[in-house]
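If you look up TrEMBL, you'll see C917-C926, C929-C943, C977-C991 marked as disulfide bond. Here TrEMBL flags 74-184 as domain 'CUB'. Look at TrEMBL and you will find 892-945, 946-993 tagged as domain 'Laminin EGF-like'. According to TrEMBL, the signal peptide annotation covers 1-31.
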Amino acid sequence: MFSAHSGRCPLPFQWTSSIITFLLIPLLVFANQASFDLEKSLSTSCDRHCYNGVCLNGSCVCSKGWVGSQCDHCYGRIKLTENQSQLIDGPLDYSSSSKCTWVIENEKKSGAPLNIKLENFQTECGWDFVYIYDGDGVYGEQLAAFCGEQEVQELSAPSGKALIYFFSDLAMNLNGFNISYEFNKCPYNCNSHGVCENSKCKCMHGFTGAYCEMRICTEEDEGKPGPCLHGGVCKSSRCSCTASYHGDTCQSPKARSVWDRVPTNNTLAGRASHTSVIIDDAIWSVGGEHFSGVHFEDPVVYNITSRTWTPIAVEGKLKPPARFDHTLVRYKTKLFMFGGVIDRRNITSALWSFDLHSREWKKEGGDNTDLMVPPLSVAGHTAHVIGSEMYIFFGYHPEIGFVHNVQIYNFETGRWRFGNTKDQVYGRFRHSSVHYKMDSGDAILVYGGTMWSNSQNNLTDSLMKYDIKHEKWTNLPPSGVQLFLHTATVLNGLMIVVGGNGYNISESRTKQECFSAMVQAYDIACKQWFNISTGASQLRRYGHTAVATSNELYILGGFNGRMLNDVWRFTPAECSSATRPEDCRSLADGVKCVFANHACVKFDPFVSYKQSFLSFVKNESPKSMSECRNTALRQALQVCDEQNDCMSCISEPGCGWCPSGDQCLPNDGECVDGQVMLTTWEKCSLTRDPPPPRPCGMANDCRSCKLLAHCNWYTVEGKPTCIPLEDEILLRKEQLDRELDRVASSSLPLRLPTTPPPIPPGQNLSYCPLPCSSLHTCTQCLQEQKCMWCPSTNRCINMEAYALSFAYGQCHSWVAGHAHGFAFSKSCRIESSNCSAHKTCAECQLSPECGWLDDGSHTGLGNCTQGSAQGPLNPSKNFRPEQWYFIDCPACQCNGHSMCNETRHTLGGIQEVCGECQDNTMGKHCELCAPGYFGDPRNGDHCKPCQCNGQADTCDNFTGACHCRTKGVTGNECDRCEQKYYGQPRNGTPCYYELSVDFIFTFKLKNEDKDKHATEIYLFSIPHKCFMNERFPVKFSFTCVIVFLSPFL
C-alpha cells in the first residue's frame, strides 16, 4: 500500500511516478521436486525378467541391439557369427518405430552357403517389413521384403552373408517373427533330391526346380510311370494321362480343376505389377517392379509350348523408361503401353508402341500436364481394345487422386477423348477388368480395387459393368471379398479371379489375407459368384498377371514377400467327365456345362440348346434358366432384369430403379457406388430430366473438386469439403449473418468483417495447396498436412496413397505429421537416407545403408557414409579398416569437444568416457550446448551465445529460442510484446500490462507452455480522475493475491 500526494494533474502521456504506479511482482514458483537417489539394492533381482540383458541393482541393463524396461524390443544393430542361431524381434509383440538390423557373417565359414528360415512370422501387411539382403549390406541383391503372415519357408544367401533389417511404424504391434539360419546348407536340404554346391541345389536326374522339388519325366522314363500318377506314363518328356485324369502328373480327376506349377528355365528376375498379353502360344511380359541388385531383362516372352522364357532384343536406340503399374494391349502388329510409374516415383501419361516385326519402340504421345483433357497420368489402371479404340479405366493420378474418367484413345486418328463425363462412379486403383461380348454388345466388367469413399481409402468387393455402346455403368452382385492387386480373366463364360491383397487398414485387427490364394469365379450369364478350391498355398500372392487361352489360364510372377518368377497353369474341369445330367449341371470348377444331345458339353450363351420332348420328360436337358443355380438372389435378379424402364421396375414388388445406369435391381441392393435408388412411382418423372452433373461429394480433394465447374472447395465446420457453388453462397451468407449478429450484440467496438471475396472459377487450381508429388524435400513435404515423406525413395506422397505406392516394401521408413519447423526438420534429419545428414555414429547406424567413418582423433569426430559391414561403399585411397564402424561405435563419441581421457567401471568392464567438455558444451558426449548458448555442437559444430535482448538468462540450447523471464515478452529473441502489453523489449525494457481501475485481474501463470520460464510481471495503472482537494489526500492501493495450485489438481 502506498499514498499519492495531491498536486497538479499531469499532462496527457506525461506519466509520473506520483500518479502512475508500476509494480514488479516476483513470481515465486513452488514445484514438487523429488530427488531420486540411486540406491544400491541388497538384492540383484528385478521385478520382471530381463530377456536380453542382465539385472543390475534392480534394473535391466540391455545388451547391444536391445531396448525396453525388460530388454524386450530390438533396436539398433547386432552381428551374428555362430554357425547356426536365430534372431527375433523380441519375446512379446514388437514395439512401434522399431529399427533393427542383424548382420550374419561367419568368418570361419567364408563363402559357405547360408540358409535362412522363417520359423514363424506376423507383421502388419504393407507397413511393417523385414528386408533380407545377400551380403553384409543393403547394396547386395535384395532377396525378400516380408510382411503380413508368412508360412514356414527357406531361402539362400549365396554370398554366405546376409543383412536383415526390420522397420515398424506407429499403428500396429503384432507377434513379430522368429528367423533361424545355418551355414553350409541349402534351402529344404534340396528336398533330398540333390546336393548343395555354391549355395545352389544341383538336382539328381529326374528332378528340377530351385530346390529340386519337382519330379519330371526323363528319357529313361519313356513309357514308364515315372512321376505320373493314376496310370499315366511318360511320353515325350511329359505325362500322358488316362481318360479320367489330367494335370502335369495326372494328379487330379477331370471332374475337378487342377493347378500346375510349370517347369521353366527360370533364369529371369522375379517381378510384380508387370503386364502381359498373349499372342498365339507366346506370353509377352513388359516392365514390372523388381528388387534392387538383380539383373532385370525387359521385355521377355514365355512360350507355352516349349515352357521357356526368352528375353527380347530391342532394336533401335529409343527405349521407354522402366515402369510398373502400367497397361499393355495389342492392336494389329503393335503392342501399346500406357501410363505407369517410372523411375519409381513419377506417374506418366506417355503412350509407347512396340512393333512386333521390327522390334522397335516408338513414343506415340508425350506427357500431358493439363488436367482438363486426356490423357491423364495414371498408374494402377486397366486397358482394353474394342474395335479401333483403347479404353483406359480408372487409375491413380498424383494430383487429383483416384481417376473416375474412362479415357479413350483411337489408334487410327491418334486422338484422345473422355467417356461419359457425367458418370457417378468413384475412381478405382489396382482393380481388375475383363472384356466380354454380351447379347447387348461389348461390355467391361470391373471388379475390386481400392477407392476413396466415405472420407477414407477403402478396398471394395463391388462388380460393375460398363456398356461400351451407351457409356453407362450398372451394378452387378458384389463378391463379398474385398481385394486389390488381384487378376481377373474370362474362361468358359466365367470371370476367374486369382489372388490379391485383402488387407484393409480401416478394418483394424480383423482377419484379412495379405496374400490371398483364393480363386473365385463369377458366372457372367447367371450373375452368380462361387469359389474354386485350389489346394495350392503357393498361389498366395499379389501383383501377378494372368492371361487365358481357349481352355487354360496362366499366372505369371507376383509378390508374396519375394519377387516371383514362376508360372502356374490352371486347367478347368472337363464337361465330358460327366455322363449324367445331374453331374453335368454340378460341374462348376472353372467351367460351365450343359447336358445336350445325350452329352455334357460346355455352355455357350450364343447357342440355343434345343431339346426333344423325350429328353424334357427325362430331365436330360436344361429347362428355362436351369443352367443357373436357382438361388433367392438369382430369382430376384431375374424378375428385376426383365424391367426396362422406371415405371415397370417400380411396379414390380422388390425392385428399385437406378437412374444413373437405367438399371432395375432388387431394392435391397445398391446402385453403382451408392447412388440414389428410386422406389416410388412419383419419382420416376425425375428420370425424364437431363442427367444431373457429377455430385460434388464424390471429389475428395481440392483439385478434383475444382475440376467440376459446378463445385468449389470450401471449409465447413473446420473441415474442407467439396460443395456445390449455390451451397457455398448460402454458407457464406449464413456466416456473414452470424458475424453481424455477434457484432450487434457485443458492447465492444469490433470491426465489421469485410464482404467475402467472390467465388473463384471452378477450374482455377491455383487456390489449391501444392500436390504432395510436387514437393521434393522432406521439410517441404511435412509442411502439408496430408503428405508423408519416404526417405529411401526421396518421394513425397499423399497419405492415402502410401500403402498403394509401396506395396512391395520400397519404402524402408517414413516421416509424417503436421508440425513446426524444428520438429519436422529433426525428424527429416534422423530419418534421412542421405548418410551425410547424420552427425553421430548412433544416429548414422539407424539407417541400414550407412556406416561411421572415424577420423582417428579419439574425440568422436567422423563422417556418416554409405557402406556395409566390410567398409565404405566408395572408400578413399587413405582408408584404413580400423576407422570403419558398422556394428559398434568408437569409444566416448565426444563430438570433437573433449578427449576419451577418463575411464569408468561398468557391467562390461572398463569403459572410456569423455573428459571435461569444452567449447561451451555439456552432456555425456558433449552433445549439448551449455546454458546461455545454443546450436548443434555434434560432430565438431559450435555453440553460439543466446540472443535475447537482455530479457532472458537462457535459451533453448538447440534452436536458440529464448526463455523470456518476464510475462508478456515474447519472440524467439524476446523482442516483442504480446497483445495488450506495452514496451520496447529490444531496448532492454520490459513489457507492461495496464491495469484498469476498479477491476480485478487474474493472471494465470505456468498454465501455458510459453509462460513456463516467466518469473516476473510488470504492471501499470493510470487513474481516470484527479482530485485537487488538499484536505483529502488520495490513496491508491494494489492488493496482490498469489495463489499456488498443486500440480496434481
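Yeah, the Cβs are placed from backbone N, Cα and C, and that goes for glycine too.
No curator has checked TrEMBL annotations; they are predicted automatically.
What TrEMBL annotates, mapped onto the structure for a quick look.
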{"residue": "C917", "record": "disulfide bond", "Cβ within 10 Å": "20"}
{"residue": "C926", "record": "disulfide bond", "Cβ within 10 Å": "27"}
{"residue": "C929", "record": "disulfide bond", "Cβ within 10 Å": "27"}
{"residue": "C943", "record": "disulfide bond", "Cβ within 10 Å": "22"}
{"residue": "C977", "record": "disulfide bond", "Cβ within 10 Å": "20"}
{"residue": "C991", "record": "disulfide bond", "Cβ within 10 Å": "23"}
Candidate disulfide-bonded residues C929, C943, C977, C991, pick with smallest Cα gap to C917 (disulfide bond): C929
Shortest C-alpha distance to C943 (disulfide bond) - which of the disulfide-bonded residues C926, C977, C991: C926
Stretch-averaged pLDDT - the domain 'Laminin EGF-like' (892-945): 87
Local backbone state of C977 (disulfide bond), from DSSP in three classes: strand
Number of helical, extended and coil residues in the domain 'Laminin EGF-like' (946-993), per DSSP: 3 helix, 13 strand, 32 coil
Rounded Cα-Cα span from C977 (disulfide bond) to C926 (disulfide bond), Å: 35
Rounded Cα-Cα span from C929 (disulfide bond) to C977 (disulfide bond), Å: 27
Length of the line joining the Cα atoms of C991 (disulfide bond) and C929 (disulfide bond), in Å: 29
Per DSSP, three-state class assigned to C943 (disulfide bond): coil
Counts of helix, strand and coil residues, the domain 'CUB' (74-184), according to DSSP: 3 helix, 58 strand, 50 coil
